[in-house]
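Peer 1: Could you have a look at this structure, given as structure tokens, before my questions?
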Amino acid sequence: MVQSHFKGVIPALVTPFRDGEVDEKAFVALVERQIAGGVHGLVPVGTTGETSTLSHEEHRRVVELCVKTTAGRVPVIAGAGSNSTDEAIELARHAKTVGADACLVVTPYYNRPSQEGMYQHYKAINDAVELPIFVYNVPGRTGVDISNDTLERLAKLPNIVGIKDATGDLTRISFQRLMCGPEWVMLSGDDPTALGYMAHGGHGVISVTSNVAPDACSAFMNACMQGEWEKGLYWQDRLVRLHKALFLDSSPAPTKFAMAQLGLCTEDVRLPITACAEGVRPAILEAMREAGLR
């Protein structure tokens with residue numbers, strides 16, 4: 001079953017920079033730290049990985065490096081989103097070529113296609129690349145919201161296997177579970193509501209917070225997957241302020257600030273994202289302390 005392969009806590013990895021370039025040494029160390037922390041998969045070059053400000057060459061290199069470093073220990077779901085269908089196909093083909101286990105394709109942004117346009121976008125990728133494809137729905141960033149009716153149609157295609165749902169709307173998951181069938185993989189894209197998402201039948205979370213706290217995020221998700229809700233609630237209470245603190249400024253700047261405090265990478269981000277504002281740093285540090293990180 002696809003669900004047995006893609007589940008649990010799956011960090012949306014940051015892309016570390018140093019002196020304006022991708023810091024490959026730091027990236028490899030981040031991958032190793034996540035795997036040692038017990039995560040169940042990895043997502044390179046997603047939103048948190050600043051894919052929109054990576055060159056195509058950098059994007060491809062980060063995917064290759066993630067696959068090589070992971071060496072099959074956990075599945076790699078490579079970011080392959082674009083508002084150009086042809087470009088998304090190209091990125092998905094590259095992900096398959098270098099050995100990624102799946103790709104994550106955000107709904108087309110800026111050009112704001114209709115529901116039929118989104119269906120045809122994903123169908124074209126499905127037809128072009130034999131690789132598991134996750135739909136990524138994040139209307140707060142893209143300006144479009146893929147409907148459950150469209151997802152039901154997409155679920156009938158052989159390579160469209162599931163969704164990363166970053167809407168935070170927990171009512172959607174029950175309908176998706178009923179409409180898309182038992183093989184449909186449902187991954188939350190919202191750390192703060194992941195507990196509820198799992199209780200509604202979800203299979204995991206593509207997590208920002210795991211960049212900072214992989215051990216705690218893994219413990220939380222293991223509890224949820226085992227139906228140990230009291231234990232899951234313990235970890236939820238310990239992590240919830242950190243979940244929120246990592247979005248007190250434009251992401252991933254707060255996450256990189258937190259990681260820099262742990263000596264994991266620099267704070268460097270690429271414009272138009274700027275370094276985490278001084279005014280929110282104390283709240284991030286306090287949330288880290290509450291999560292047992294300082």
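Cβ atoms here come from the backbone N, Cα and C positions, even for glycine.
Reproduced below are the annotations present in Swiss-Prot:
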ACT_SITE  Tyr136  active site, proton donor/acceptor
ACT_SITE  Lys164  active site, schiff-base intermediate with substrate
BINDING   Thr48, Ile206  pyruvate binding site
SITE      Thr47  site 'Part of a proton relay during catalysis'
SITE      Tyr110  site 'Part of a proton relay during catalysis'
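Set these features in their place in the structure for me.
Peer 2: Listed in sequence order, Gly46, Gly81, Leu104, Val105, Val106, Thr107, Ile163, Lys164, Ala166, Gly189 are the same-chain residues six or more apart from Tyr136 (active site, proton donor/acceptor) with CB atoms under 8 A from its CB.
The secondary structure of Lys164 (active site, schiff-base intermediate with substrate), as reduced to three states from DSSP, is extended strand.
In the three-state DSSP classification, Thr48 (pyruvate binding site) falls within coil. Taking a C-beta cut-off of under 8 Å and a sequence gap of six or more, Thr48 (pyruvate binding site) has these contacts in its own chain: Ala12, Leu13, Val14, Val208, Asn211, Ser251, Pro252, Thr255.
Taking Cβ-Cβ distances under 8 Å and a sequence separation of 6 or more, the neighbours of Tyr110 (site 'Part of a proton relay during catalysis') in its chain are Asn83, Thr142, Gly143.
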Peer 1: Thr47 (site 'Part of a proton relay during catalysis') has how many other Cβ neighbours within 10 Å of its own Cβ?
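Peer 2: Thr47 (site 'Part of a proton relay during catalysis'): 22 neighbouring Cβ atoms within 10 Å.
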Peer 1: In sequence order, which residues at least six apart in the same chain have a CB under 8 Å from the CB of Ile206 (pyruvate binding site)?
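Peer 2: Counting only residues 6 or more apart in sequence, the Cβ neighbours of Ile206 (pyruvate binding site) under 8 Å are Ile10, Pro11, Ala12, Val43, Gly46, Ile77, Leu104, Lys164, Leu187, Ser188, Gly189.
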